[in-house]
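J.: One structure is given below, represented as structure tokens, and several questions about it will come after.
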Amino acid sequence: MSHQLLPVLLLLLRASCPWGQEQGPKSPSEEPPEEEIPKEDGILVLSRHTLGLALREHPALLVEFYAPWCGHCKALAPEYSKAAALLAAESTAVTLSKVDGPAQPELAEEFGVTEYPTLKFFRNGNRTHPEEYTGPREAEGIAEWLRRRVGPSAMRLEDEAAAQALIDGRDLVVIGFFQDLQDEDVATFLALARDALDMTFGLTDRPRLFEQFGLTKDTVVLFKKFDEGRADFPVDEELGLDLGDLSRFLVTHSMHLVTEFNSQTSPKIFAARILNHLLLFVNQTLAAHRELLAGFGEAAPHFRGQVLFVVVDVAADNEHVLQYFGLKAEAAPTLRFINVETTKKYAPVDGGPVTAASVTAFCDAVLNGQVKPYLLSQEVPPDWDQRPVKTLVGKNFEQVAFDETKNVFVKFYAPWCTHCKEMAPAWEALAEKYQDHEDIIIAQLDATANELDAFAVHSFPTLKYFPAGPGRKVIEYKSARDLETLSKFLDNGGAVPTEEPTEEPAAPFPEPRANSTVGSKEEL
């Protein structure tokens with residue numbers, strides 16, 4: 001081969017190498033420098049270029065995917081920074097970081113982020129299987145959730161002094177007594193301890209501690225500074241420790257027999273997974289009302305785990321609770337029963353005094369199906385049909401909506417709903433447009449103050465069309481909320497007409513809208 005052709009051939013061979021497969025090693029000076037990760041208020045600020053580096057450098061990494069416009073993200077931000085400071089102060093080996101989701105769409109897509117904020121916990125650089133963060137959104141709760149993942153979720157107890165110190169130091173302490181700490185029941189116990197952040201956990205295999213607490217076999221014991229003071233959950237010798245059963249036991253027995261409703265207790269009340277709630281409405285400023293609490297509490301133990309007993313002080317900031325049950329403060333003292341899954345509400349039939357016996361009888365009657373639920377309804381306004389948009393309430397809904405001679409289009413709204421307010425002008429315009437059509441009625445109903453036997457309304461606004469004729473037919477409207485589309489729906493007898501196809505074929509995938517955002521939610 002000609003010596004003149006050899007350099008040319010070598011250059012061509014090098015140029016033909018696949019991308020990234022250069023011939024020969026690069027010198028260190030040729031490697032691109034790794035990007036330094038910036039920080040804001042103690043939080044790493046990550047991008048698609050730096051996430052990999054963060055995962056390599058931080059074995060325990062919590063990542064918050066946020067959006068700058070998100071109100072929940074703004075509320076979380078100071079708590080998230082406080083949590084980072086708490087953990088840094090105690091040298092806990094965990095790092096907090098954040099990703100601007102809309103600005104980093106590749107990362108949002110990679111990790112399936114559909115709403116903000118979304119938090120994911122990465123261990124040992126594992127990018128493919130992060131753990132979803134399910135903990136609280138305040139600083140200490142975030143810190144504790146992380147502590148229980150990078151450290152022990154339960155304290156190992158070796159002697160009586162350690163056990164007693166743990167019990168004395170907290171309101172709710174759970175100790176697992178296991179004869180063999182290698183048993184799989186212990187793994188179940190520790191898994192529950194990782195997430196039950198409102199309780200402190202310990203475990204032991206010491207025979208002396210079994211003896212001290214009167215135990216002869218594996219048992220999980222809840223110690224508490226109220227009510228009966230202690231509740232035992234023996235481990236089934238054949239079936240072992242069931243996570244769901246233990247979780248339900250701890251939730252049930254960690255609640256006070258009677259809980260006063262306020263902003264601090266309401267999250268726990270609704271997280272208790274006890275569907276039946278009995279509420280006693282009293283005015284705590286009146287001695288006669290306070291005296292009723294003893295009888296109310298006396299009835300509670302019989303229904304533990306089945307009915308949650310709650311006291312609502314009408315003299316406190318609980319107007320929203322009164323409104324939900326259709327009550328005025330003057331109605332106290334009174335009882336109400338609700339199933340939070342069905343939202344059915346019940347009131348005592350006789351309205352007699354509140355005693356242990358009357359409370360027990362009322363609970364038994366509701367649970368046995370002997371009391372019919374009541375429905376909230378405002379009074380029918382005298383001028384309900386005088387304006388283009390007719391006003392419906394629970395008491396006149398059936399008569400108007402299911403009138404076989406009318407086509408009735410109803411907006412179910414909430415006074416606080418932003419989307420309801422936004423569509424109000426279109427709804428008014430629709431009513432004015434059809435006010436001379438004798439067979440069409442445009443109406444609205446405040447679904448927060450009126451309940452219906454026919455169906456429940458779960459989102460706002462909800463639009464339903466009740467066509468004329470027999471059969472009580474109901475059509476839910478799910479299209480655009482502008483005057484033109486609403487009119488087409490009415491003119492087409494309760495259906496949005498199919499658009500005529502254009503000459504230009506539709507794209508195989510929907511085009512993204514310029515204003516679409518991941519995680520944005522409507523009240524519907």
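Glycine residues also receive a Cβ, built from the backbone N, Cα and C atoms like all the rest.
According to TrEMBL, the protein carries these features:
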type     : residues      : note
SIGNAL   : 1-20          : signal peptide
DOMAIN   : 26-151        : domain 'Thioredoxin'
DISULFID : Cys70-Cys73   : disulfide bond
DOMAIN   : 348-495       : domain 'Thioredoxin'
DISULFID : Cys417-Cys420 : disulfide bond
REGION   : 490-524       : region 'Disordered'
COMPBIAS : 514-524       : compositional bias 'Polar residues'
J.: Would you please pick out, from the disulfide-bonded residues Cys73, Cys417, Cys420, the one with the fewest other Cβ atoms within 10 Å of its Cβ?
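T.: If we count Cβ atoms within 10 Å for the disulfide-bonded residues Cys73, Cys417, Cys420, the smallest count is at Cys417.
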J.: Please report the Cα separation of Cys417 (disulfide bond) and Cys73 (disulfide bond) in Å, rounded to an integer.
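T.: Just about 21 Å between their Cα atoms.
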J.: To the nearest whole angstrom, state the Cα distance for the pair Cys70 (disulfide bond) and Cys420 (disulfide bond).
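T.: About 20 Å separates the two Cα atoms.
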J.: Helix, strand, coil: count each for the residues of the domain 'Thioredoxin' (348-495), based on DSSP.
T.: 45 helix, 26 strand, 77 coil
J.: 10 Å Cβ neighbour count around Cys70 (disulfide bond)?
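T.: Around Cys70 (disulfide bond), other Cβ atoms within 10 Å: 20.
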J.: Round to a whole number and give the Cα-to-Cα distance in Å for the pair Cys420 (disulfide bond) and Cys73 (disulfide bond).
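T.: Between the alpha carbons of Cys420 (disulfide bond) and Cys73 (disulfide bond) there are 24 Å.
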J.: Grab the pLDDT values for the domain 'Thioredoxin' (348-495) and give me their mean, rounded.
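T.: Per the prediction, mean pLDDT sits at 94 for the domain 'Thioredoxin' (348-495).
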